[in-house]
Structures are given as C-alpha cells and as structure tokens.
Amino acid sequence: MVKIRSQYFCQSCGEIHSRWIGKCDSCNAWNTIIEDSSRKESDQRFSKTIKQGHSISLFMLSEESIEEESRIQTHIDELDRVTGGGFVRGSVILVGGDPGIGKSTLLMQTAASLAYKKHRITYVSGEEAIGQIRLRAQRLNTINSSVYIAIETNVEDIIATLITNEKPDLVIIDSIQTLWSQTAESSPGTVIQVRTSVQAMIQYAKKNGVAMVLVGHVTKEGQIAGPRVIEHMVDAVLYFEGGTRNTQYDYRILRSVKNRFGPTDEIGVFEMSDKGLQEVSDPSKIFLSDRDSTSPGTAVFAGIEGTRALLVEIQSLVVPTSLGMPRRTVVGWDSSRLAMILAVLEARCNIKFGNHDVHLNIAGGYRISEPAADVAVAAALISSILSIPLPSDFVYFGEVSLSGSVRAVGHMQQRLKEAEKIGFLSGVFPESAKGECKIGMLDRQYIKNLSDLVKKITALQKKDKKTVHKTRSLNSPWE
C-alpha cells in the first residue's frame, strides 16, 4: 500500500510546508498553516490508478501557419505603453493596487474605450452592485457605452455565462479575492479558492482566445494578496501606484513588473480628476513642478523606466543630530543604497555624516530602483551638508562603486534627449561615457569619482559667494 504523506501550506502566502508549524517561514504569519486536503485526496486517487491520456498536437517552431495572437489596442496611450501595445488575445493580466487607488476606474474607462471601438466587453464584479457600477459610469461619462455587466462570484457560473453568450474580446474580473469554485472546499478568499479560481479563468482565456484582466487586492507590504504562484500563472502583472487620501498627489503610476508580451519595468502615468483618470504624456514636468532650485540639497536625476526617460527631483536634508544614533530616513529609494553612498562619501571623500541625521526623498511620490541615481543622490547629499545650492539647469546620473569611482549607465542618449527637451542644458556625467554623450549640451562636466564631484560642488561656492548660503560652522563635516 502506498503511504500518503500530508502536505501543509500557508493560507497567507501559499508557501508549501512538509509539516505543521506555528509560524510561516516565508511571510512570518502566525497560525496560518493548514493541511492541504485536496492534495491528499488527489494522491489517494493517483495511488489507486493511473488513467491513460490522449495524444496532443505538436507544432514546428518555424512553421509559418502558426498565427501570432493579435492585440486589442485600448487607445489609452499610457495603458497601451505598459501592456506593450494593447491586450493580447488569450492573455491574462493581473492588476494590483491599494484600495481606492483607481483600479476599477481605470478598467471601467478601458472597457468603455474598447466598447466605443465595437469590441465586446464583459465586466464581472464581485464587490459592487449594478447600481454602484452605473453611478461610477455616470461620473466617468461612460454610461452610454455598450459594456456588458454581471454580478457574480462563482467561477463555474461565470465561465458558463461566457461560453453560452457571444464570445467577448475582453473579460474583466473584479476581483479575484471574491471568486470561489465548487471544486475547492474552503471559503472565498483563501489560498486554495484563489488559486483554483484563477486557474479556471486562465484555462478559459487560453482555450477561447479571450483577453482577460484580473483585479487583485494588495497586502500592507504592497504585494498582491494570495499565493505568489498566481503571479507566475498569469502573463502580465501590473501594479497601480500613487497618492492616497493622506497625500497631496493626484497622480497614479501603472507599473509593469512582469510582461510576457512586452517590456517590463514600463510605466504609464495618469492624473486622477473628478472625471476619472487622465493621461499624462510628459511626466517629467510633473515630477519637477513646484521645484525650488535655490535651496541646497536638491538634484535632478535623468532616469529610465522601461522604454521611457524621465526627470525626477531628489531631495535631501542633512542636519546635526542630538541623538546617539543618527537617523536615516528614505522615501522612494533603497535605504541600503543610501547607506552605501554615505559610507563611500565618508571613506573616499572624507565627508562625515556620523553626527548628522540624513533624510532623502524622491519628489512627487515617485520610486527609483535603478543604480544610475547614485551620482544624483550623492550630489544632493553633498549640497545639503555644505549648504551649497546646485545649478538649476544641471542633471546628474551615474553609478557609484565602493571604490568611489563613477561608472557609466545605459541609455545615455535617451536620458540626454529628455533633459534637453525639458530645458536642461548642463549635466554631470561619468567620464567613461564621454564617447557616448554626443548630444549637443552646452556644458558637459565629466567625473571619474565622487572626489571630482565634491570638487565641482565646492567650486560653485567660490564662483558666486553672494548667492550661496554660508557653510555650517557647527559640527563641520570636513576633517
């Protein structure tokens, strides 16, 4: 007789465990480990008999008769940019975001835009009533669009409805946490139900060539709630980020973290208004709006997100501390990266931050992930601790190594073109990229290491002493 081993999984994150434990090793949640009864039953069936399968069709990779899946353009340029040119038929896209961020608003506008182009759209909601959806449609001025709406949470009923009616071009499910399947013996929202329901919807979309968008809730850590295996099952994962009710920012960023049919790390920028989401075609001007270029501690970084170049302002504040352990506050950047830049400045440039609190912020609620921002962050920190404002028409980019040297980064021409378009005519660049900077900027300043950057910033004080703040005399950073 075959011995059946029990398998346990975490209801919070879906991590598989060989035995029961009180705390999940993956998400650190307590009392979330339960036995996978469905796995046990399937093992019992498998141990009794192995059914014979049927032959499947094989295709040659180079065969010309294999048709490429066509795309459905939404005619919302920012959304089409993130998806790689529109929704691919048969693909499944997972969209996550904080409550109230605008996920349903974006998808309602998308459904209406496609319906106006004679596409058949089915919107299935498990969270709202028909009246609530109609109220949103009236506010967004999409009430006259021919979008088919259904209120249902049972997966089998949803799929049966989609099959019996005319095949839609796009199906929107809001949200996966409300779905439940009759084949899974657990309550809606649990890991088993979410996994089973999503798998059934994916099978329908692939088999019938229907594009599908699934809406997912996020946890307090910013991850999509449910088992992580869902993100591996779908074709694309998009995160909707931006301001909340407690912030002053009305801008939203749709970020692609996975896309089998387009570029990853691509972003689309929207502005939330009383009439819904409006596209922002030039996000650099937004992130640089209301900028005070006369204050020390601000530097402009020329970054790359996917295929788009944009400029963002990096703000820093370095002040003497009265605490035994100085504070390091970071918003919008990697705190470990900041610690590295501070260590390099102390070791290679002899600038001491040990007696100072350091605060770093990316303006506009934006988040930077690429290491090309190292030079801009270092320039902002040096400017703040020395009280020397940086030139308002300068941009900065470059990666800093532990030796203090500045390394070249990719997409040099694209960064410079964006800077010139906005009106920046000067910049500080890695010397190793001297041959790549062919754009006609009026003033190029190349640096080999951070020591060169410190010399250029301190030279600003000598050029114009009247317009520069005096250097702090208390707790001087220089030794």
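Placed from the backbone N, Cα and C atoms, the Cβ positions cover glycine too.
Just so you know, TrEMBL annotations never went through curation; they're auto-generated.
A quick note: this is a predicted structure, and the numbers were derived from the prediction, not measured.
What TrEMBL says about this protein:
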DOMAIN    68-218  domain 'RecA family profile 1'
BINDING   G97, D98, P99, G100, I101, G102, K103, S104  ATP binding site
MOTIF     258-262  motif 'RadA KNRFG motif'
REGION    357-479  region 'Lon-protease-like'
* If you count the C-beta atoms lying within 10 Å of each candidate's C-beta, which of the binding-site residues G100, K103 ends up with the smallest number? -> G100
* Structure fact -> In DSSP terms, the motif 'RadA KNRFG motif' (258-262) comprises 0 helix, 2 strand, 3 coil
* Note down the number of other Cβ atoms within 10 Å of the Cβ of G97 (ATP binding site), including every protein chain shown. => 25
* Asked: Among P99, G102, all listed as binding-site residues, which has the most CB atoms within 10 Å of its CB?
  -> G102
* Structure fact -> Taking the centre of the Cβ atoms of G97, D98, P99, G100, I101, G102, K103, S104 as the ATP site, the remaining residues of that chain with Cβ inside 8 Å are T105, F240
* To do: For the region 'Lon-protease-like' (357-479), jot down how many residues DSSP puts in helix, in strand and in coil.
  => 50 helix, 26 strand, 47 coil
* Structure fact -> Its Cβ having more other Cβ atoms within 10 Å than any other among the binding-site residues D98, S104, the winner is S104
* Asked: What is the number of other Cβ atoms found within 10 Å of the Cβ of I101 (ATP binding site)?
  -> 20
